Amino acid sequence: MENTKRLWLLLGVVIAATMFILGWFGRELYRQVPPIPQQVVTVEGKRVMTRDDILRGQLVWQSIGGQQLGSIWGHGAYQAPDWSADWLHREATALRDILSIKFYHQPFSGLDSVDRAAVKARLKKEMRTNSFDGASGTVTVSSERAAAIGKTAEHYLALFGSDQDLAGLRESYALHRNAVPDPERRRALTAFFFWTSWAASTERPEMNFTYTNNWPHEPMIDNRPTTANLVWSIISVVILIAGIGGLVWYKVFTDREEQEPLCASTDPMDKIELTPSMRAAGKYCLTVIALFVVQSLLGGVLAHFTVEGNSFYGIDLSAILPYSVARTWHIQLALFWIATAFLAAGLFLAPAVGGREPRFQKQGVNVLFGALLLVVSGSLAGEWLSVKQVFNLENSFLFGHQGYEYIDLGRFWQILLFVGLVLWLILMLRGLWPAFSQKGHRRQLVLLFAGASTAIGLFYGAGFFYGARTHLTIMEYWRWWVVHLWVEGFFEVFATVAIAFIFTQLGLIRALSGTRAVLISSAIYLFGGIPGTFHHLYFSGTPISITAVGATFSALEVVPLALIGYEAWDTYRKTFVVHWMEKYKWPIRFFMGVAFWNLVGAGIFGFLINPPIALYYMQGLNTTPVHAHAALFGVYGLLSLGLILLVLRRLYPENIWNERPLAIAFWAMNGGLALMIGLSILPIGLAQTWVSIEYGLWYARSADFMQLPFLETLRWLRLVGDTVFLAGVGMLAYFVAGLITGWSYQTDHAGKKLELSPWQGKQRDLSS
Ligand code: HEM
Ligand SMILES: [Fe+2]
């Protein structure tokens, strides 16, 4: 402990200080949320909508999939429009035409440039001026604006109903017919859309920018990047360069020769005895693969929606499986199989580390498995029923669809999942318990492992801090506590410590240097990562301080990622000094993949959208799924698969794997991911960025732009990467199935499975 005391202290201080920052600025965010008016009235006193309409509308939006169908304030799905930006543009266009007729008695298109400028000035004044009266909670609009609001609402009433004239537009949006059959619900939905657009176009009191910091870009009302947005962007780039520079210097000045680890002549893991609970974790591995297969196929279905709209070889696919359900399942299953893999790895490693089997551990593992299956099937079914509009609005949130991306599942299922995570935590800690009292540096790794697992379990609880009708800004704050703090915080620590742990177990690195490396990298990563949460909230109705903190700290997240690939490669080089390491070749290759995508997917593609000025134009464009796919699958997908392969390797330790399908799977999945991004999503995202800067976000997301032939072609090209990727997934499933049936093992001429002796790792030696 002596050698690492200061590092532990560093980690503790970093976590305490940065959580304080997250909470402190969270308080500011609470104080400055855009108001939801009690009512919106015209100057003549006619009521346009009430607070209840807006909040009910929010629930309606949530019930049809919310962020899984188009987006609000840039968060959500990318095929249908961003409803806030779309509403804003439609309302502004309608109001402009009304003002033009009123003051100049002719349509806007017929006006000369001076009159146009005058109309624009009136439009801007009308839409940007803040008429919210805090005392009465009233927003007052002119009768012209009320007319424009009414006209815009008509469009959405038709769109979410079954109006035949809009069938083509629905096709482009992959929006199913009659998505909200109840006209009263549809009307409430328009009130909610209006309010999100109102917050995006109305200036904060005493300020010259809107509640959403002038997002989205909309030249009609001069919604443009704020000064603060640009300044903090420049600062964030400088901080990144300084951070990377500092890292290089540190490396150069402190690069001492590490002690070479002692490589055992036999596999140290062979000493670990398989306990009943470790065997019981085997079914988790198969579940991971099964969920992964379904999840990837759903990805194929979604890609189909984007090119062919709602139909599939003549049948109306969207009537059975609406786009928003397919997308919800696609994302939720991704989280489920990744989480299941983590659970499996934890449950498998814990008794191995502790050195004995706690009582009833096996039963616990089985109960948890049952609970998991219940949550997966129950929540997916609930989401489908909700989008089908079966529930009343309250039950829809409880048992159906919360409408919030990554935490889509109904509240009831969310509670059950949380209970499952706590159960997992208890099982893990029970398994690890004996190791806490051991002496030496290994104990510290065990402590770190337990700490990361605890944080993963407990931080899911942040998702309970909002309810069905919570203000959108506040909901987003807590939602990103879960999503961001998981993927850019505690998952990352879990990954680092799990891999370090396995490598020390294999004798590839020493426990002391493993512990030091984990402590240092976790401290650096969390320092940027925890306040970095705010990079998701630049434009969600938050004050400027959120942009400042988010942009500067999250730039630092990229710094350690710059080194990670090199470190991994360095370890990898040392890997095959002993023959028995060959049998871990594939899990280790998957971990190498993790390091690669950590730099490319998380670091580079993450930073592409990270400076406030970049995200100002790109939020809600395809540049985000570029990053999300490369980081979520690249890092946590490959990590999960690597962990599963390691567990499977230990569960069936005797026989030699026939690794060809695994090699194909690995390269096809990585290559497919790169092709899908390089040939399709990234070019689409960049093309969208261009027009978003030129004409506004609404256009980058509009059917007019998205249906241009070259974009259609780019979406078709996605088929290439998707096919390669799916082939890889198929191969992986084939391989894992073969571990059960037997075809994934090498056999001799007589068909007998070849055995792997502890000192004979090299399959070549045996098979020749
Ligand atoms: C392995 C690590 C990471 C994973 C798994 C990950 C995953 C994700 C996911 C799933 C999203 C949401 C995409 C969507 O809403 O469609 C996202 C958004 C984003 N990520 Fe990451 N990310 C990682 C690391 C990073 C890093 C290091 C940065 C930059 C420093 C970053 C910056 C962003 C930004 C700016 C957004 C968009 C925010 C928004 O639209 O509100 N991410 N990421
Ligand atoms: Fe993030």
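The backbone N, Cα and C atoms fix where each Cβ goes, and this holds for glycine too.
According to TrEMBL:
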- 37-217: domain 'Nitric oxide reductase subunit B cytochrome c-like' (DOMAIN)
- 7-26: transmembrane segment (TRANSMEM)
- 230-250: transmembrane segment (TRANSMEM)
- 331-353: transmembrane segment (TRANSMEM)
- 365-387: transmembrane segment (TRANSMEM)
- 412-433: transmembrane segment (TRANSMEM)
- 445-468: transmembrane segment (TRANSMEM)
- 480-504: transmembrane segment (TRANSMEM)
- 516-538: transmembrane segment (TRANSMEM)
- 544-569: transmembrane segment (TRANSMEM)
- 629-652: transmembrane segment (TRANSMEM)
- 664-686: transmembrane segment (TRANSMEM)
- 724-745: transmembrane segment (TRANSMEM)
Leading stretch by Cβ pairs under 8 Å, where the reference is the transmembrane segment (629-652) and the options are 331-353, 365-387, 516-538: 331-353
For the transmembrane segment (412-433): best-contacting stretch of 331-353, 480-504, 664-686, by Cβ pairs under 8 Å: 331-353
Residue numbers, six or more beyond the limits of the transmembrane segment (445-468), whose CB comes under 8 Å of its CB atoms: 59, 62, 342, 346, 349, 353, 393-394, 397, 407, 411, 414-415, 417-418, 421-422, 424-425, 428-429, 432, 435-436, 438, 474-475, 478-479, 481-482, 485-486, 489-491, 493-494, 497-498, 500-501, 504, 511, 514-515, 518-519, 522
Segment confidence, the domain 'Nitric oxide reductase subunit B cytochrome c-like' (37-217), expressed as mean pLDDT: 97
Same-chain residue ranges lying at least 6 outside the transmembrane segment (480-504) that approach it to Cβ under 8 Å: 22, 342, 345, 349, 353, 406-407, 442, 445-446, 448-449, 451-453, 455-456, 459-460, 462-463, 465, 510-511, 514-515, 517-518, 521-522, 525-526, 529-530, 532-533, 535-537, 557, 571, 591, 594, 602, 631-632, 635-636, 639, 643, 646
